Amino acid sequence: MEILPNYDLTKLNTFGINAKAKFFVEIKEEGELTELFESPIFQKNPKLFLGGGSNVLLTEDFEGLVILNRVKGTEILEENTEEVVIRAMGGEIWHDLVNFVVERDYWGIENLAYIPGSVGAAPMQNIGAYGAELQNVLENVEAVEVATGAKKIFKKEECCFGYRDSAFKQEFKGKYFILAITIRLSKTEKKNISYKILKEYLEKNQIEVRSPKDIADAVTSIRKSKLPDPKVIGNAGSFFKNVFVGKEKLAALQKQYPELPYFLEGEKIKIPTAWLIEKCGPASPRHGGASWKGYREGDIGVHEKQALVLVNYGGGTGKEIKNLAEQIIDSVYSKFGLKLIPEVNVI
Ligand code: EPU
């Protein structure tokens, strides 16, 4: 383990923001944590844990210690004819874990294929896509407490999962190094293809789902067609969360905007934030009126195919993106009276 000073983080955040860390360390083995926790640099500095860097916006240099989790390993803990329990270390790449399980025909996380980021970051925001969420399969999260170095195992119920939310993003924020997750998957078919866009894609391409890999491949194609590849255009996926409203607010909005899309998710009514962003903003002849979609200002902007995604075309700064996000929040609020909440962790 080596703590390096003045470290460039450009390649470690998918927005590709040029920012530096005062100190930086890469952790490859669980055993290195003891040494890390005992070091004065660790004890005296603010800390930022990084996985894939796919859900952060760095608005300035980080005046502390950035800790990169690269602890690898995936193992099958137990299995029977119906189920399998898998433990994956936090530094694994999430999509590699999806590949590992779909190759073996295990059902449960195929809808979460091709989500950028690491395994350790997955429980932080309870990653979700195409009708599935990590919490549906998660058994527990193993984490090391920063203050004491003690290892703790949080059962699913203790993680307080919500929509793109968990205790690790709230009261446990910055207090734990996520070492591993354990998930329980099914060996028997459990396909979940009710998400509208996924269902339409399968129908249109006449794909009959026989294995979890069929779904993972479909989801991967959809994601590739809509979301910009961070290796080409810097981004962190959806910048904002979708909005949930009550019946009265929905009715009031529908009066004014009869074409407003909405989705029922259990008891809740989801309004796609991408639509709200698309329907307000500066003049945009291409989108038939005012729209943030496809908006560009210097090196930053709003993606042309997905209005939820803010992008850095190259030389953009974190401050510029933050400023654009604030303008979008204000304009959605003044038009629809809805307050957008960033999904991305703004540092
Ligand atoms: N829509 C627009 N304009 C757009 C894009 C979408 O109006 O530019 C509307 C359409 O009505 C569409 C609806 O939004 O039917 C939903 O779009 P989509 O299925 O693409 O999903 P989303 O709600 O925009 C969420 C997640 C994504 C996830 C997809 C698929 C959040 C914040 N985002 O986006 O997650 O991949 O569903 O399940 O919940 C991420 O978290 O980084 C991420 C990419």
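The backbone N, Cα and C atoms fix where each Cβ goes, and this holds for glycine too.
Straight from TrEMBL, the features:
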type: DOMAIN; residues: 17-188; note: domain 'FAD-binding PCMH-type'
type: ACT_SITE; residues: R164; note: active site
type: ACT_SITE; residues: S238; note: active site, proton donor
type: ACT_SITE; residues: E343; note: active site
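Each residue contributes its Cα atom, and for R164 (active site) and E343 (active site) these two points are 7 Å apart.
Across the domain 'FAD-binding PCMH-type' (17-188), the prediction's mean pLDDT works out to 97. Here S238 (active site, proton donor) comes close to T273, Q306, L308, V309, E343: these same-chain residues lie at least six apart in sequence, with C-beta atoms under 8 angstroms from its C-beta. Cβ-based neighbour count (10 Å, all protein chains) for R164 (active site) stands at 19. In the three-state DSSP scheme, R164 (active site) falls into the coil class. The secondary structure of E343 (active site), as reduced to three states from DSSP, is coil rather than helix or strand.
Within 10 Å of the Cβ of E343 (active site) there are 20 other Cβ atoms, across all protein chains.
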